[in-house]
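According to TrEMBL:
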- C56-C61: disulfide bond (DISULFID)
- R152, T154, W165, S217, H220, R252: FAD binding site (BINDING)
- C359: active site, nucleophile (ACT_SITE)
- C359-C362: disulfide bond (DISULFID)
- C362: active site (ACT_SITE)
Amino acid sequence: LTGVLDDCLCDIESIDDFNTFKIFPKIQKLQERDYFRYYKVNLKRPCPFWADDGHCSIKDCHVEPCPESKIPVGIKAGSSNKYSKAANNSKELEDCEQANKLGAVNSTLSNQSKEAFIDWARYDDSQDHFCELDDERSPDAQYVDLLLNPERYTGYKGPSAWRVWNSIYEENCFKPRSVYRPLNPLAPSRGGDDGESFYTWLEGLCLEKRVFYKLISGLHASINLHLCANYLLEETWGKPCWGPNVKEFTRRFDPVETKGEGPRRLKNLYFLYLIELRALSKVAPYFERSVVDLYTGNGHEDAESKALLLDIFRDTKSFHMHFDEKSMFAGDKKGAKSLKEEFRLHFKNISRIMDCVGCDKCRLWGKLQTQGLGTALKILFSEKEIKSLPENSPSKGFQLTRQEIVALVNAFGRLSTSIKELQNFKVLLQQTR
């Protein structure tokens, strides 16, 4: 892959250099820190779209939840919106005051009105979310140590896995059913059409819808790259050996084997990287405030984590070829607003489809990466709110939960890893020729 990416003024070589020498080593370190390694997830939510076709019984699909005793006390006790020690300690007082206030308001309301009141509050809260969020208070939600449950090839494949991706592309990427996606195993054979009609359709879309498709395709390419780079190569004496599988990589991305589709998918991976990179540079002011601590209960570690995060933000700001999201939703106000809402609801639907993934490990990483991308989109569309944040108090206009922060950093870490793995595969391919 070489040259300039479509829909933005950036070339692939610049991203490779920037990622390899600046971002990748630092984001790897950040992901190992306690604040970012524990992610709370509900892997038991039922699939909302079709009857569950059973969970994957392959042992590598299993996710090992983290015992409560291992979770840092500051993470376990923290309210989802709070990051600082002071905020955690004042939580009970706030809850008490809130209950009194609601009690005072609600004493004159019927039960039906109270429920409507709560629904409105929930609705307002969900307006800026691009993802369906797990209820962290659910008894089925558990902490997972991401370092002990790495994303890799588990053997989960076939109709069940394809059904998930097919549903994402066919029903949520603004695509009419009459336009066939290249290399879709569930589509009827199209004879001589090698995907040109699909790309003619894609080029005819407005920028926003084209961007949406590229984000999903980039995410798909990134996940496939992780599976190729961390593949079960052999198992001797019960000891598994994981590593890069060149044959699998070629099958999924080689220009000849994929009829030109592989390189297009990899370009979309770079495009997605740029979008999430842009979100990180935009959200920096949120974290630069002293009120944000990345609180785990270990003061020394928390200070180091924040310093490393701010260092990464400085790097993201130093990169001069960002994607400019200002060109999106820039039409007439009414049209732009309804398109943005459509965009948000489509993405929210994709986050719900992740509950249909039959392999727990794939579901965990699918949920985390879609939530990370959803958080990036939320940031990109909240620029005004981020700029007007108060320095010393939690904001009302823009808020990130700890879950969103963990997902944002780990999702970008996965993209950074994908681009690094791509460099490794280039070397391996040269060696095999």
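Glycine is treated like the rest: Cβ placed from N, Cα and C.
The number of other Cβ atoms within 10 Å of the Cβ belonging to C362 (disulfide bond), over all protein chains shown, comes to 24. Within the set of binding-site residues (T154, S217), the lowest number of other Cβ atoms found within 10 Å of a Cβ is recorded at T154. Nearest Cα neighbour of R152 (FAD binding site) among the listed recorded positions (C56, C359, C362): C362.
Looking only at the recorded positions C56, C61, C359, C362, the one with its C-alpha closest to H220 (FAD binding site) is C362. Annotated pair C362 (disulfide bond) and R252 (FAD binding site), C-alpha to C-alpha distance, rounded: 18 Å.
Only C359, from the recorded positions W165, S217, R252, C359, place their Cα within 10 Å of the Cα belonging to C61 (disulfide bond). The C-beta environment of R252 (FAD binding site), restricted to residues of the same chain at least 6 apart in sequence and closer than 8 Å, consists of N224, C228, T258, G262.
By neighbour count, meaning other C-beta atoms within 10 Å, the densest spot among the recorded positions C61, C359 is C359.
W165 (FAD binding site) counts 18 other C-beta atoms within 10 Å of its own C-beta, drawing on all protein chains shown. Spatially, by CA atoms, the recorded positions C56, T154, W165, S217 include one closest to the residue listed as 'active site, nucleophile', and that is C56. A 10 Å cutoff on Cβ-Cβ distances gives C56 (disulfide bond) a total of 21 other Cβ atoms nearby, all chains included. Taking only the Cα positions, the spacing between W165 (FAD binding site) and C56 (disulfide bond) is 17 angstrom.
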